[in-house]
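Summarising the annotation, Swiss-Prot assigns active site, charge relay system to LYS75, SER150. Taken from Swiss-Prot, the feature active site, acyl-ester intermediate covers SER174, and the record attributes it to sequence analysis.
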Amino acid sequence: MHAKSLTELRAALDAKECSAVELAQHYLKRIDAARDLNAFVHVDAELTLAQAKAADAALANGEAGPLAGLPIAHKDVFVTRGWRSTAGSKMLANYASPFDATVVARLSAAGMVTLGKTNMDEFAMGSSNENSAFGPVKNPWDTSAVPGGSSGGSSAAVAAGLAPAATGTDTGGSIRQPASFAGVTGIKPTYGRVSRYGMIAFASSLDQGGPMARSAADCALLLNAMAGFDERDSTSLERADEDYTRHLGKAWAAGGDAGKPLAGLRIGLPAEYFGAGLADDVRAAIDAALKTYEALGATLVPVSLPKTELSIPVYYVIAPAEASSNLSRFDGVRYGHRAAEYRDLLDMYKKSRAEGFGPEVKRRILVGTYVLSHGYYDAYYLQAQKIRRIIAQDFQEAFKSCDVIMGPASPTVAWDIGAKGDDPVQMYLADIYTLSVSLAGLPGMSVPCGFGAGANAKRPVGLQIIGNYFDEARMLQVADAFQRATDWHVQEPAGV
């Protein structure tokens, strides 16, 4: 059952092969049996089964949409009424939200059943899911490896068959990189496509929610429910609703050859994504995927994104600056952790934040406060914003000669748990191929395309697909065509 797609699971519900309650119970048992992965931080079977019973009633009355009765896990950065909403931090360890994030509310309105909240890097700051106050998540493909971050709990849950789908967020690669490391499909939509209301903020000009699942087709179904204008989010885009499944299974160009469904598609390959630093085994998997695309009729076109290397310093000025501002609200007074002993109000602020935040969050708050301080704002923050604009312009120049851009989602496969904990810069470098996409506000996704080599033979590789603004439906079409021709996305870790 856990290997079925969302469409297949819904067909099973419609055929009465199982009920929503039975489906939820199936996944709850799997979650309980896989506690060692540490993918979930909060599960409440009573709440889950109550939602499943409501879904069964809707299905019986013929009132259900295409997602009704299907289980989903939510990254613990989305506030969720009834479940704790911690953002992976001691600061919010016991926080109970009085409302649902828009993403949660929309998926619940579509009839989806919440299985629980998934583990994550604290306040979404990390690339390995080792920065969680609740301990690291293990990669189901190789439990000595990280699952990626910050949406590592979500990627591990989908890969291990603990949930058929999960929500994630992506600020600098936090959907795409863990999707790559765990061998699942994940998409970061265009900035503003998915509401940030109720999504605990890290960097407001970068944060974007998106779906994670086994396939592009499943992600398209989820995005149909998640995307759309929300007046409660000032950055939400006012655009007509779309059906993100509308191009799936169709030829790229009208009248195209069924044997060459992607004839006419131009794939841009940035030279900067295939240079020094890209592991040989990752390069081999990406090259093989590109050959599959050529066999499907696509044409490979060289392009250049010359400011790719600058995306790391630019991101690590802008994101910490915004985090410094956003996290100032956690002071121990209004909500969040409060120190047990303190002398006065200022001491309470200091101790509450010192005790509540982990090392990586403190590091980024300090960096952000520094770059926003008097005398440094112009030299760092404003300069970073200027280069950010140039990075976005570079993408637009590249898109003049191609329809989508492809390359690796990460320069390496997943590394061992603890391998980079003492060197944050090496951790930051792992996001070299995803950061610029976030800085430009473009949509990007990762699809499974193979595995590493040698000692890394059990560790997945993800192909990154980057589209122009609002091109999610076409990107999903391109990913879906690849997945119809390959089986990387349906492979499962041993023992699952």
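Along the chain as shown, the residues are counted starting at 1.
Placement of Cβ uses the backbone N, Cα and C atoms for every residue, glycine included.
Here the features listed in Swiss-Prot are placed on the structure.
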{"residue": "LYS75", "record": "active site, charge relay system", "Cβ neighbours (10 Å)": "32"}
{"residue": "SER150", "record": "active site, charge relay system", "Cβ neighbours (10 Å)": "34"}
{"residue": "SER174", "record": "active site, acyl-ester intermediate", "Cβ neighbours (10 Å)": "37"}
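Of the recorded residues, SER150 (active site, charge relay system) and LYS75 (active site, charge relay system) place their C-alpha atoms 9 Å from one another.
In this structure the C-alpha atoms belonging to LYS75 (active site, charge relay system) and the residue listed as 'active site, acyl-ester intermediate' are separated by 11 Å.
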